[in-house]
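TrEMBL lists B:1-26 with the feature signal peptide. Positions annotated as transmembrane segment by TrEMBL: B:247-274, B:281-300, B:306-326, B:389-413, B:434-453, B:473-497, B:504-522.
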Amino acid sequence: MLTQALFRALDKKAIWVIAIFLAVAVLVPMANLLIPPGQYGHVPTYLVSLMGKYLAYAILALALDLVWGYCGILSLGHGAFFALGGYAMGMYLMRQIGSRGVYGNPVLPDFMVFLNYSELPWFWLGMDNFWFAMLMVVFVPGLLAFVFGFFAFRSRVTGVYLSIITQAMTFALLLAFFRNDMGFGGNNGLTDFKDILGVSVQAQSTRATLFAATAIALALSVLVCSMIVNSKLGKVMIAVRDAESRTRFLGYRVEYVKLFAFTVSAIMAGIAGALYVPQVGIINPSEFDPANSIEVVIWTAVGGRGTLIGPIIGAIVVNLGKSWFTTTLPELWLFALGALFVFTTLFLPKGIVGLWHQAWGRMRRKTEHAERPAPPTPAQSADIERGEDPASFGHEAQPKPAE
Amino acid sequence: MLILRALRLVLLALPFLLLPSNAIRAQDAATDIPAAIQAMGEANLRELEQIVADLAATGSDTVVPVLTALGDGNLYLEETSGAVLIERGSTYLEPLSGEAVELGADADLSKIRVNNGLRRDIAAALAGMTLMSDSPARRLTAAQGFLANPDPANIPLLDEAIAAETDANVLKAMQAARAVTILGDDEQSVADRKAAVPLVASGAGRNALTILNSALNGAPEELAPTIQSAIAGLEQERAIWGALQNVWFGLSLGSVLLLAAIGLAITFGVMGVINMAHGEMVMLGAYTTFIVQLVIRQNFPGLLDYSLLIALPCAFLVTGAIGVGIERGIIRWLYGRPLETLLATWGLSLILQQTVRSIFGPTNQMVIAPTWMSGSTEFFGLSITYGRFWIVIFAIIVFLLLLMVLNRTALGLQMRAVTQNRRMASAMGIRTPFVDAMTFGLGSGIAGLAGVALTQIDNISPNLGQNYIIDSFMVVVFGGVGNLWGTLVGALTLGVANKFLEPYAGAVLGKILILVLIILFIQRRPRGLFALKGRAVEQ
């Protein structure tokens with residue numbers, strides 16, 4: 001069954017996406033390490049880290065797309081899962097500092113010495129082991145999503161209500177992690193990392209490796225998502241998105257379908273956070289800011305939700321724009337971001353990918369010289385099957401007034 | 001020591017023993033006051049003591065400044081003329097008339113020296129005199145002075161004053177002062193001290209607990225239980241007042257939440273539009289207030305006290321107009337797609353914030369509170385600031401007005417009709433787009449009103465709205481969408497709960513707990529406290 005799912009997943013366009021990111025995972029580090037600086041084709045180390053950051057964001061956007069684009073759950077709390085994964089990674093990195101901290105304590109991180117801790121809090125135990133920490137990266141966001149989702153979906157908290165309570169969850173976590181006595185470094189967070197798996201996080205080769213790991217993780221995420229959405233479960237997810245009550249009346253356990261999607265998505269977000277932290281070098285409570293979670297939503301929306309490639313494109317494009325704006329026109333960035341939100345929701349409900357399909361469909365129709373038929377064309381049926389709204393192909397993509 | 005104390009007692013009590021009532025005191029001005037003051041200049045300490053007693057015995061208010069100055073070391077002798085003068089700052093005053101005196105170039109001033117014993121005598125004499133003063137306010141101050149510095153030597157004085165006292169308030173204060181003195185005096189009989197305990201507990205106000213606690217240290221065994229039970233009683237009383245104070249703070253916070261959320265209850269509750277830019281409407285209302293006050297201060301300074309009242313309609317119109325603009329420009333394209341509305345209005349909120357930041361700068365702006373909103377009052381044990389008080393009143397007024405608009409006006413009727421069945425309403429001739437725009441404008445306008453109120457308790461910064469948006473959504477969701485009463489109950493409940501959790505859990509943890517409780521509550525009742533029932537819900 002698994003092989004069948006694998007083949008079905010690889011049968012689609014997804015294989016190209018996976019191949020591209022695997023190639024990127026090899027080529028970029030090579031361009032960084034093997035081509036000497038100054039020569040054509042060399043990728044500077046800072047750029048490798050920056051692109052690694054974007055790819056981590058892309059995983060996060062893909063994770064959100066799995067619940068929002070395919071299952072209709074708009075989570076405004078994915079930033080929290082991302083940050084939790086990041087904190088788990090940060091805790092491991094903190095423990096690796098050892099006695100090289102400012103206070104030279106072999107066990108306690110600096111901020112704990114500063115706050116007069118006598119011993120490690122229980123939740124820091126074992127975080128010096130890499131594999132245990134990686135387990136926590138997966139386990140903590142997964143468990144939170146499972147428990148939260150279990151109760152929320154069981155009591156049929158849907159739509160806007162769910163969005164608002166996920167936002168409340170993020171906000172509560174933001175407040176909690178800002179407290180010094182939580183044992184997570186308060187508002188300074190965790191930073192000043194030294195080693196990862198025995199090698200320096202600052203080293204060029206480590207950065208290249210981290211980039212490769214992120215790119216491979218993204219490729220794997222695409223594979224996993226493709227497997228999910230192309231399976232029968234994926235069809236049910238799309239059914240839940242489009243007509244939840246109807247799906248329930250057909251006999252499906254809607255809450256479990258949603259819980260599955262939500263938990264898998266949270267785990268992906270946690271992994272993205274864990275890959276993000278060593279490349280950026282800091283994790284602090286501002287990652288829990290509800291605004292961040294909403295920003296993730298706009299990446300997904302810009303790229304095109306309900307597609308696998310869309311959120312990746314969206315995350316990379318929006319963050320490229322952010323990097324460009326914040327260096328050249330910092331005061332205009334929020335205008336641009338805000339306008340992006342408004343413009344995308346009004347004119348690009350299917351995102352960049354939808355726009356592409358629209359243009360492609362129009363071109364093809366023109367060559368066929370055919371009127372747009374009332375029943376969906378075979379191509380459209382395939383798209384419907386893949387979970388893409390046929391509305392994005394015709395002129396109906398334009399928003400309609402309320403009446 | 002004992003002799004000295006006895007002597008002082010006699011000395012102090014002497015004038016009052018001689019002059020048993022206020023009535024005859026006025027006639028008996030046996031001492032020549034100016035002569036006595038004149039004599040102070042050359043007197044030694046012993047003679048000074050006598051003069052002070054004599055002056056006190058006159059009972060005349062005119063000697064109070066002299067005695068006060070002597071006690072404070074501000075009384076000077078001008079050696080050349082032999083005049084006695086009071087120093088105040090750099091001027092010298094004639095002691096009886098209080099007129100400033102021009103000093104000649106050859107003036108030679110020397111301070112009239114007093115020692116600690118004399119200073120105490122003066123203080124006691126002054127207190128005694130003021131205790132017998134004709135003005136009740138003055139007597140009250142004197143009694144409070146005795147209460148703050150109990151001295152067993154003053155008991156006869158107090159007894160005297162209590163006997164002559166006619167004003168009930170002053171009498172209570174004097175009795176409390178006497179009781180405090182007796183309680184603190186080891187030489188009094190246990191029965192007397194026991195009898196004093198309830199008087200202390202009831203009369204000594206805020207200090208009662210401290211006084212009783214210090215009396216408990218070293219109290220004889222028979223006395224201790226009485227004091228302990230009085231302390232327990234006081235502490236219970238204090239706990240009740242503390243709880244009431246918390247309720248007040250909670251109501252005050254709740255009314256702020258209500259103001260912030262009630263506009264949202266219209267746009268989200270009635271229209272089903274998730275307006276993430278609602279917080280920015282609040283912020284724009286606050287900035288409108290700021291501008292109105294700026295204009296008034298520059299052009300009509302006389303109206304400054306009313307600037308908030310003037311700002312109210314301005315803020316309503318400004319934010320209402322912006323709201324109508326948003327509805328016409330963006331939201332009407334997104335009806336039936338609530339999650340998209342959320343994103344679009346979030347983007348809008350970023351734009352509005354950044355616009356305000358570009359115009360006014362990122363720093364906080366100030367709105368001055370009008371005089372009738374500053375200060376506070378004591379209401380029994382509660383301290384109530386006028387600012388908070390008016391916000392509570394204002395929130396209630398806004399709530400009632402809104403309720404009236406929705407239930408008693410044609411627009412309200414149309415709004416409800418469109419909410420319940422858009423197509424039917426349209427078929428009946430209601431201009432639904434117009435009603436949509438008006439509803440959204442109303443919700444936004446009320447957010448602007450909230451902004452005016454918030455200028456009194458919060459900083460006016462571009463981020464003002466951000467601090468309230470999540471709370472507002474919590475209130476609306478908790479109270480139940482589409483129900484104004486739910487919003488009222490939700491806001492007040494959350495406000496009070498927040499303030500009650502704060503002392504135990506701290507402000508931040510309290511807030512986290514509230515958020516977690518709301519998340520859990522939504523599991524139990526996914527549609528809030530007062531959920532709409534029926535088919536309309538599932539749309």
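Yeah, the Cβs are placed from backbone N, Cα and C, and that goes for glycine too.
In this chain, the transmembrane segment (B:389-413) lies apart from the transmembrane segment (B:504-522): fewer than three C-beta pairs between them fall below 8 angstroms, excluding pairs fewer than 6 positions apart. Cβ atoms under 8 Å from those of the transmembrane segment (B:306-326) belong to residues 277, 281, 284-285, 288-289, 292-293, 296-297, 345, 348, 367, 370, 373, 437-438, 440-449, 451-452, 455-456 of the same chain, restricted to positions at least 6 beyond its ends.
Listed as Cβ neighbours of the transmembrane segment (B:247-274) (distance under 8 Å, sequence separation of 6 or more from its ends, same chain) are residues 281-282, 331, 335, 338-339, 341-342, 345, 382, 384, 388, 391-392, 394-396, 398-399, 402, 406, 415-416, 419, 436, 439-440, 442-447, 449-450, 453-454, 457, 468, 471-473, 475-476, 479, 481-484, 486-488, 490-500. Outside the transmembrane segment (B:281-300) by six or more residues, the chain places 260, 263, 275, 307-308, 310-311, 314-316, 318-319, 322-323, 352-353, 356, 360, 365-368, 444, 447-452, 454-455, 458, 460, 462-465, 468 with a CB less than 8 A from a CB of the stretch.
Residues 256, 259-260, 262-267, 270-271, 273, 275, 278-279, 281-289, 308, 311-312, 315-324, 326-328, 331-332, 335, 391, 394-395, 398, 402, 405, 411, 414-415, 418, 425, 464 of the same chain lie 6 or more positions beyond the ends of the transmembrane segment (B:434-453) yet place their CB under 8 Å from a CB of it.
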